[in-house]
Structures are given as structure tokens and as C-alpha cells.
Ligand SMILES: NC(=O)c1ccc[n+]([C@@H]2O[C@H](COP(=O)([O-])OP(=O)(O)OC[C@H]3O[C@@H](n4cnc5c(N)ncnc54)[C@H](O)[C@@H]3O)[C@@H](O)[C@H]2O)c1
Ligand SMILES: N[C@H](CO)Cc1c[nH]c[nH+]1
Ligand SMILES: [Zn+2]
């Protein structure tokens, strides 16, 4: 764990914090081999890798309706209620986020311009399931696709050793509205959805989080398929002043660390005493964490950084571009004004990342490794495309004639100019 003043960070430490190398480069050759094999051998490769990585021997990858029905029987009612409450909030938020299907507006007399939003034909949602089961990610990936009205939503998630899918994940995928569910994980799942096999018809776009193998596969198959963005090992940056509770900050760092040994938690403190108190709290809480092995590996490459003032802290936050940003200060909304790069922002001391992970309704599939500089988290727009529209009257075209013909002639494209003039000439 790096514990330093921001101004005293070595260049190398700063570079490594900002670049967050989670080892994608190291796994590229192995992942590429898996993708090539799925491309050449199809289902045969999928069965082979499922046996190798999940230890499950399968004859069929598609989940049956009986298995879906059984999953509801296997899951406790209390869990189903929690799923359904989370789903309600996620539907609410994404319905609010949805753009108008169609609009037209008069740019100048007789010139109507507009836009029609159209859902993609098919999407594949990857739902992780290696070190933990992620029913919540089934809701987060399928619900926005449903809200966008995508007609074919495919889910892939790794099976357990006995060949079944975690029943809560299965119930969540079904409850959210998945049309096809496959027992398939890792790079082989991404390759199957991108390239298609006898069992799985290819999709137009793949979304969803995953470990380095999944993220590397999404990056390598881009070209055959569109992807959302790299959503790899989870991360949090907490920015806090002396009003914050050190025990809460440590708990939130540990919560993110329990996802993956490659997860990273950074605390930027505006107060020296608070920084030491958080370090102490981490020492107390981390050994007792349920997944203490994963947490301690994650904390090794995490950091507590001391800022001299708010400006220095904000420059670092924007350069780091965290997946999750918690702002626990006296006036979090004031701080928000200066934030440009973060996947999702959690404002105030009663707003833990876990609320967004499960229940408040915002999406928890978010860009990691600094990609929040250029990508937005998963949202309804990821499942749609926009067609522009125009409808022009004779009066409108007359008003545009001079601009069109002048520019068309300047480009030497005289037929363009003629296509306008011809419409405006009186017919004999
Ligand atoms: N950024 C986000 O939005 C977000 C959201 C939720 C979860 N996550 C992240 O998703 C990840 C989930 O990871 P996970 O491992 O639990 O599940 P996972 O489903 O992503 O990965 C499991 C798969 O990895 C493959 N795999 C494992 N070892 C391999 C090897 N040596 N070679 C090739 N393939 C191998 C296997 O096929 C296995 O099915 C975590 O890193 C978590 O932080 C990110
Ligand atoms: N924090 C994860 C996103 O990085 C999402 C998640 C799912 N379950 C629990 N947490
Ligand atoms: Zn989480």
C-alpha cells in the first residue's frame, strides 16, 4: 500500500496508479488462442474450455425453461424479493434515462430536422461468475437492454462445477427479461457471442463486466462485434475531509477490494489525522474480512494519499478517472462541480458504492483503469442507435439552395447542386 503526500509521489508510483495495469497485456496471447479456437472449432472449443476452466462437463450450453423454473424454486423468497426490489429501482432509473424515440424540430422555415432512436437487433450480456456470483450484474446488463426494446438479449455466465448456473443469477437474468441464457464464461463466452457457433448465434454488441480474461477478450473481438467499454476489476477512489468517519472509509475500500485481487482502492485525504486513522482502520478491519485473502492482495496495490488542498486533490481525481468516486466532505455538491472524470459519483456519507452496486437503480457496470476519461457507464444509449431525419418544404429548400449549391460547386460535385436546382425549377 502506498501511503504518501500527493506532492511527494514518485513518478513511477504516480504512473502506476494512473495507468492501473491489471495485467491485460499478460493474458492477451492466451485469450487470443481461445478466441481463434472458438472461431475455428465452434462448440467443440466451448465444451473443452468449459471443462478446463469451470470443471463442468456439458452436452448442451443453452439453459432450458425447466432449469429457469427450477431456479425460482431453489431461491429463498427473501432473496427473490430483494432481486425484485433492485430490479424495480433499476427499471425506474433506466426508464428515466431513456431518450425520446423520435423528435423533429424546425431549424429554419420549412426545414424540419430530427432524430429517431432505434434499438439494436441483438446484444450479448456477460454476467461474471468466477470468484463470486453476480446476479446483480444480470439485472444491470439486461434491464437497460430491455428498456431500450432490444428484441434479442443473450446472457452468458459461467456454470458451476455441476454444470448448473447459480440459481439466483439465473432467476435474475430471467426476471430482467433475457431471451436466451447460456452456461458459458470467460473469453470463450465473449468469442462465442462475437463470432457465433452452432449453439449460439452471434450478437451485434457485447456488454458487461468481467475479470482480465473477459475484458481482454472484449477488447480483442472488437471489430467482429461492438463492445460497451473495458469494465474490468473494480475500483474506488474516496475523497474525504475531516467530517468523514475513518471506519466507513476503510469499510468502503475493503468492500471494493473483495471483488478481485486486482481491484484497487484509493483514499485521497484532505486531513492528516484522518489519513492515519483510515490506515489504522484498514489494519483492524481487513484481516477479519470474509474474503481477507483477496482483500489483502488488493490492498497491496492500493493507496492512501494526502492532499495539501482541494485543488491538488481534484487534479488527482480527474487524472485518475475512477470507476467509483465517493465524495465524503462537508459540501459534496460543491466538489462535484469540479469533477470531470468518474464512472459513477457517490455524494455524502450515507451514499456507499454498495447502494449503486445493488439497490438505488443506477448502473454498476462502469469503466475501469482510467477509461472513465472517455466512456460513460452502461446506459440505455449503449443499446440503441440514432437515425437522423429531415423533411424540407419547397420554401425550406429555396432557403438552403444558395448554401448547398455554393458548397457543392466548391467541392466540384456539380450533380449535388443540380439535384437541388432541378427540384426548384418550374416544371414544363
Ligand atoms: N467494472 C465493472 O463494472 C464491474 C462490475 C462487476 C464486476 N466487476 C469485476 O468482474 C470481475 C469478475 O471476475 P470473476 O473472476 O469473479 O468472474 P468472471 O466471470 O469475469 O471470470 C471467470 C472466468 O474467467 C476465466 N478464467 C479464469 N482463469 C482463467 C485462465 N487462467 N485462463 C483463461 N481464462 C480464465 C474462466 O473462463 C472463468 O469462467 C471482477 O474483477 C470484478 O471486480 C466489474
Ligand atoms: N462494484 C461492482 C462494480 O465494480 C459491482 C458489484 C456487483 N456486486 C457487487 N458489486
Ligand atoms: Zn461491488
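Quick reminder: no glycine exception, Cβ is built from N, Cα and C everywhere.
Every protein chain shown contributes to the tally, and the Cβ of residue 126 (NAD(+) binding site) ends up with 32 other Cβ atoms within 10 Å. For 126, 188, 211, the entry in TrEMBL reads NAD(+) binding site.
The secondary structure of residue 259 (substrate binding site), as reduced to three states from DSSP, is coil rather than helix or strand. Summarising the annotation, TrEMBL assigns substrate binding site to 234, 256, 259, 324, 357, 411, 416.
In the three-state DSSP reading, residue 416 (substrate binding site) counts as helix. Taken from TrEMBL, the feature Zn(2+) binding site applies to 256, 259, 357, 416.
Taken from TrEMBL, the feature active site, proton acceptor applies to 323 (among others). The secondary structure of residue 323 (active site, proton acceptor), as reduced to three states from DSSP, is coil rather than helix or strand. Taking all protein chains in view, 31 other C-beta atoms sit within 10 angstroms of the C-beta of residue 323 (active site, proton acceptor).
Per TrEMBL, the feature active site, proton acceptor maps to 324 (among others).
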Fewest-neighbour residue among binding-site residues, criterion Cβ within 10 Å, set 188, 211, 256: 211
Where the C-beta lies under 6 angstroms from ligand 3, the matching binding-site residues among 211, 357, 416: 357
Residue 126 (NAD(+) binding site) to residue 256 (substrate binding site) - Cα separation in whole Å: 20
Using Cα positions only, nearest of the binding-site residues to residue 188 (NAD(+) binding site) (256, 259, 324, 357): 259
Listed binding-site residues adjacent to ligand 2, that is, members of 211, 234, 324, 357, 411 whose C-beta is under 6 A away: 234, 357
Spatial separation of residue 211 (NAD(+) binding site) from residue 324 (substrate binding site) - C-alpha basis, Å: 17
Chain-internal residues, separated by at least six, CB under 8 A from residue 234 (substrate binding site): 256, 259, 260, 263, 323, 324, 368
